[in-house]
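Chemist: Let me give you the structure first, and then I'll get to my questions.
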Amino acid sequence: MFILFFRNTGHGMQGIRLTNRTAGASSLVEILYDNQWGTVCGDDEWDILDARVVCRQLGYHNATDSYRNASIQGPEFVSMSNVQCHGNETSISSCKHHERFQEGSCPIENTAGVACEGRIMH
């Protein structure tokens, strides 16, 4: 698992990670928001442009796929939804989105996932 932390201001988005990763399969996108890990709701706006931003942010060359229905068990807390990236952003927090929803506000079958390729070593 690879986790990227942001400068901790004590509020808002603080980190991003991919969890439940298996070879050739999707990984669940999780966001650390106000010291609590939560999922991204993979609603109708979630697409390959969003996945590209997430993968690049975590040090991968590219995204090969985005999943709106990752169906991977993750935290019930939803950190972000309605993500709309243009694809050139350096961070998912720079994309248009809604933050911090209550538990159960996004069905588990709508969790957002990505498949990344080409890990860049720093």
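In case you wondered, yes, glycine gets a Cβ from its N, Cα and C as well.
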Chemist: Do you know which of CYS85, CYS106 TrEMBL records in a disulfide with CYS95?
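Modeler: That record, TrEMBL, gives the partner as CYS85.
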Chemist: Looking at TrEMBL, which one of CYS41, CYS55 makes a disulfide with CYS116?
Modeler: CYS55
Chemist: Could you measure between CYS55 (disulfide bond) and CYS85 (disulfide bond) for me? Cα positions, answer in whole angstrom.
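Modeler: Here the two Cα atoms are 13 Å apart.
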Chemist: Per 10 Å Cβ neighbour count, which of the disulfide-bonded residues CYS55, CYS85 ranks highest?
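Modeler: Of the disulfide-bonded residues CYS55, CYS85, the most buried by Cβ count within 10 Å is CYS55.
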